[in-house]
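Novice: What follows is a structure written as structure tokens; I'll ask about it next.
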Amino acid sequence: MYSVLDYGRMASDSVRMDAYARAIARAVKPGSVVLDLGAGTGIFSLLAVRAGAARVHAVDLNPALWLVPELARANGVGDKIVIHHGSSLEIEPPEQVDVIVSDMRGVTPLCSDHVNAIRDARARWLKPGGTLIPTRDRLFVGLVESSDLWNGLSKCWESFEKLGFRADGARQSILNSIHSDYSAPLIASSVLSTTSPWATLDYATYDGASLEGTVDLTMTRRGTAHGLSVWFEATVFDDIAYASAPGWQLAYGRYFMPFLSPVVVEHGDTAHVTLRADARGDRWAWDTTLSGPSGADKARFRQSTFLGTPTSPADLLRQSMQFKPSLSERGSRLARFLESLDGTQAVQEIADRMTADEAPSSPRRDVIIEELRDAVERYAR
């Protein structure tokens, strides 16, 4: 989860905050009811009240949300912001709202429950004809040159090779994974090719389907292509927009998708690129064909996070919808604990009963206690 410091860093992103502040000021009218989805420390809630909102429902699973009442009181609006601590997917809306404002993106909008949370809030919280902030995100791709990013990755398998060991498996895993450019931010001159949008998320209509797009890019200069970069362009409201493209140092950064090996390219060379991703951003695939002016292939790569994820046959089997699961020892323990949450027993009583066979100093006992505490945090009310 994000820390309070993380939220502070996001709020210090002046490009992002200026766009959201202007969008909220324009969309929120006197008397509006607003949902701040993924509210964090409540900066959007405060901006909505300033714009005239009669009431703001601030929703977040992060404990940082508990700072919002104090911040609201300190700014004289303690009676206008209602706190809902928990997953927005599980909270029953007390009323419908005129405006939903959110920014739960990671490096891209395809991040955990971001998209599903917006879809759910759109269906259950938003009045007919209500406003979504942001309105739309477009995903872009371009070929980039970055020896810093590439070398930073290659060190991970070269450390094995320097000691005389082969590390093909580690190399395959790293080069079939997506990486943030945080360690060596991409700049405008890092881009070797034309760039193009390959997918669009229109938040008023997006249904949660996986995204796929194919683009043809042309090299604009000579250089060494180390991989692809993916970023997004946000339409926040009306004509208010910003992008996380190379050269813009926003809070999000960009993705770097390395090639299996660097490729020297010339001005006028082309790249045929197909990208696929699920709505949570858990699974990515990127296929790239690089060609010279004659049309002859220089390189062809088929890559995916599936190939980059170390796994076992048993793990793959568990991912199948045809798998017939049974509870593990830990799962059985959790099931027994959850059955005990009937409102009549203290956690200590339950813990004592479930650890009765463990010695007081047993590490296993400590593990069970931590599991119970985690379950209380997640599932109790």
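Every residue, even glycine, has its Cβ placed from backbone N, Cα and C.
Checked TrEMBL, it gives:
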- 34-130: domain 'Methyltransferase' (DOMAIN)
Novice: Pop the mean pLDDT for the domain 'Methyltransferase' (34-130) in here, whole number is fine.
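Specialist: Its mean pLDDT is 97.
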Novice: Of the residues in the domain 'Methyltransferase' (34-130), how many are helix, strand and coil by DSSP?
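Specialist: For the domain 'Methyltransferase' (34-130), the helix, strand and coil counts are 31 helix, 26 strand, 40 coil.
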